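Here is the structure we will look at.
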Amino acid sequence: MTVFFNKVLLVLPFVVIFAQVSVQRELNGKYTQEDAIDYLQSLESEYSRECNKQMTARWKYIVDVTPENEKESTRVTNVFLQYQSSVQQEIMSRYSNWPSFPNATVKRELKYLAIKGPATMEPFKVAEMNELSSHMESVYATATVCEYNDTQKCNLRLEPEIEQKLTSVTDYDELAHYWTAWHNVMGKAVTASNYTKFIVFQNEMARANNFTDMSQMWLEPYNDGSKGWAASNFKTEMIETWAKLKPMYRKLHAYVRMKLRKSYGRAPVYEGKIKKYGYIPAHLLGNMWAQDWSALDARTKPYADTPSLDATAALVQQNYTVLRIFQEADKFFQGLGLPPMTETFWKESMLERPKDREVVCHASAEDFCLGKGSEDFRIKMCTEVNMEDLITVHHEMGHIAYFMQYTDHHYAFRDGANPGFHEAIGDALALAVTTPKHLQCVLVTKTDINFLYLMALQKIAFFPFAISMDQWRWEVFGGTLKEEDYTRRWWELRKENQGIIPPEERHSSFDPAAKYHIVANVPYIRYFVSHILQFQFYEAMCVEAGEYRPNDPKSKPLYQCDFAGNKAAGKRLSNMMKLGFSKPWPEALEAITGSREMSIEPLLNYFTPLIQFFDEELAAAGESDCFGRDCQAVASEYINGHYEREASGYDNQGDFWLRQYESDTFRDEVTTLWETVRPLYEELYAYVRFRLRKTYPQIGASSPLPAHILGNMWAQSWENVYDKVLPYEGFPSFDITAALKEKFKPDLQGVRGMFWVADDFFVSTGLANVSMAYGDRAMVIKPENKSAVCHASAWDFCDKEDFRIKMCTNVDMEDFITIHHELGHIQYYIQYKDLPITLREGANPGFHEAIGDVIALSVATPKHMQKIGFLNATTPSDESTVNYLMKMALDKVAFLPFGFLIDSYRWKIFDGSITNGSYTYEWLKMRATFQGVVPPVARSEQDFDAGAKYHVPDDTPYVAYFVSYILQFQLHKVLCETAGELKKNPLYECDIYGNAAAGLKLKKILQSGSSKMWKDLLKEITGSPDLDATALLEYFQPLRKYLEDERQTHDYPLGWDATAFEDFYESNRHL
């Protein structure tokens, strides 16, 4: 439902000379206000005439879409816009002093005439912009898709065929077909690249009119005349208004979701397709864009046995025709004292879809610009005999009534007080038309609720789509959204605001093009505004008609008001409409409502009984009104805090955690990776057990290792037993702890020195200095006067400036490596800080954990340690290499089974495979199976041993660390290849310190954040989209050969008795 009065955005470079109005008088070199008044008066007839030519050509095109009509419409539109440009330039050259004029009306007219057109934009650029616009709109008008399961029938248009399918079909897959086909055909025809070109031209046009971008120019009509008004503030106000409306929308969403999930009509055809706290698939809501859900009314209404308030059946039964619907609407307007539709309206309007030609079916009202005394106003609509179109007819006729009321104004003022006013007029009247009273329904409580429900499916369901439309375009115009992210961001906003998801993943298609207002370049915030204003207008007219008394408990409710035939209400509306755009919109609002402020209170008041009904129904059914991230409020009430078990469309918490890995088979991929590295771990394990038996002779040759002897609380790192298992005594051990202690004191200054050394490595490759992260606001040593969580972590405070480390640093090699790990997080934060906030995270969680460790692989090499003075220079030997790789393996390889099992264990809890009563048993079993460790003493179900690991009680996913231990070697190899290191050194000796080429490749990863699919990014960097343990195995190959040789020499066994944990489990101490 769109108004196309005076639609002028584009122009072609035709050289046209217009006879400009001559104004001779000057005063001190400047034209006076009196001159301007004469100029504007003389200009009016000429401006109206040129606009009429443009509208006439456009009308011919939209009611008969042919290449010839499109070309002529484009030509005439450009002639008009060239004319507008000449007027703009004349105003700025002659009347640039207009802000000093005392007459507010003259100033307002000059101000807005000066921004109507392309101004000084170069004609050849405007030409291409216009061609792009015409192409996009033509594609929309002529696009067709194929019938479901019938590729031979491919002539289905959006209106009416596809829309009829979406409102009548219930089969999940068939609906998905029509939804997907339309989105695909439009995305391919329009293309994101063409749209980007169009946006560039739009912004240039805006800048030619002294706006920063087109979004600012679009919002100028909302300027309320107050000091300090800014488009940015208006955007914020609209987003904040949506936040106030969202609680009401969430209740509707939850109720509809419950109905769709449990039943659809009489059969639960969507069972398993919609989660209890999940998003609703967009194609199930009866509308291509999920902006109007009224098609669901008959199958989801609260009281199924109460007659429906959808008047479609009655219209058909009473043999209504399209013409009669328009005639009845005209009678309604006349009953309010408004003038009837003109003879030209009835003669020239297109009220039904013609059978002999293609047309632009999207309903619109057109003002043919003739100005004072005009009777040429028309509607273009492919009307069907149903209630939805009955309402649309009133909406479009509301535009016509507005045109007629302000037609005597000058051209600049023949417009709504702001764009939302124009959209609100017809809808305010339709609120009266659709009341049960007006439709001659008998009012009972159930009927009231059913009526309000139907209205909510139309009105409340619309708000999040409306805000998403222009929120998306504001980001596009503002340059914060890149072309490759168009569809991803589109669906982020749709999910966040509407709580919907597409029926399939959408990556390559340009989905915004599926909406008419995107391709036709029609601003959409007007509809959001209008859905607020219409309830204000409606309430004001109800009060004037005596149909509603605010604050009077004896008054009938607002939603029952019908002011049909009340001329006092019509007079109040007329007084507002006659102002057109001649006054700031708050004055027009005051003329009808008595208030200068937009307010959502009438809307909330209107739907109060329905919202109360929703609250009662949802509570009784045990439903929550959350979706996606909003489900945080449910967390504390959901079992074990794992509310995501059904939230956000995932079956359980494990699946929810794994969503960031963007693969349905990721668990299998991780398992495959573990099986790939397991032989290396088993060789390391067998060797360590063999060597530890010298210290602990009670350990059997094939027994599992006691977990407490491996130098780490969780046996995830074995570095602390390095001295006991050192392969070659007398050769360098590569532990630099002593050197660190000699150089750095264990105080703040000393610890910061360690951070500086680590920071220097990043800087040497061309990455950012991150000294703020260990500066005064950071915590890098344990506080003396207060308790603190010492677990090392890196913090992004989301303001693009504040990044900090929290760490109780010790002066030793382990913490020196950890510093690099944490600074890797900080470096990631800084590199992607300029992305939209939703994209400021790692490509997947494993990337974030890997980055610092990638650097640490270079840092830990003997070559680098010698380079920075922490290790004495020595000549490398096979023995020293094995010692070094053993040191690394006790950290990297020993970790792998623990990294794998933590979440493998929790995934089974989340999916119900492990239940309460066997938590400890299964924990011990998995540790014995994967790590080969057992506890030193008996354990029972009273001992929840898994909770001893920080990440378990903190509910932090852990598989990211396993991924990072694979990924860091994969990335390390690529960076080493880039640096040219592998031409002269094996992988384990590579050091990329000071190599800008490697730093540049690393920066590419970091700056991408999560803006790309991680597999796509990995393929760009490594050549393969898959995680691959090959680099890790290559890195440790010399050590693996040593281990295999040792096992053959000493004949100790591989493997361990994985059932031995049973000896340490006391089943009789179950909870």
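Note: Cβ is positioned from N, Cα and C throughout, glycine not excepted.
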Legend entry - CYS790, CYS798 - which one TrEMBL pairs with CYS808 by disulfide: CYS790
Inset, instruction - Count, for each of the glycosylation sites ASN78, ASN103, ASN149, the other C-beta atoms lying within 10 angstroms of its own C-beta, and report the residue with the smallest count. - result: ASN149
Inset, instruction - Between the Cα atoms of ASN103 (N-linked glycosylation site) and HIS399 (Zn(2+) 2 binding site), find the distance and write it as a whole number of Å. - result: 29
Legend entry - Cα-Cα distance linking TYR661 (chloride binding site) and GLU396 (active site, proton acceptor 2), given in Å to the nearest integer: 48
Legend entry - Euclidean distance between Cα atoms of HIS395 (Zn(2+) 2 binding site) and HIS951 (active site, proton donor 2), Å: 57
Inset, instruction - Tell me the Cβ neighbour count for HIS825 (Zn(2+) 1 binding site), meaning other Cβ atoms within 10 Å of its Cβ, over all protein chains shown. - result: 23
Legend entry - Other CB atoms within 10 A, centred on GLU849 (Zn(2+) 1 binding site): 24
Legend entry - Candidate with the highest Cβ count within 10 Å, taken from the recorded positions HIS395, HIS517, HIS951: HIS395
Inset, instruction - With HIS825 (Zn(2+) 1 binding site) as the reference Cα, tell me which of the recorded positions ASN78, ASN149, HIS395, HIS517 is the closest one. - result: HIS517
Inset, instruction - Would you please pick out, from the binding-site residues HIS399, HIS821, the one with the fewest other Cβ atoms within 10 Å of its Cβ? - result: HIS821
Legend entry - Local Cβ density at GLU822 (active site, proton acceptor 2) - other Cβ atoms counted within 10 Å: 26
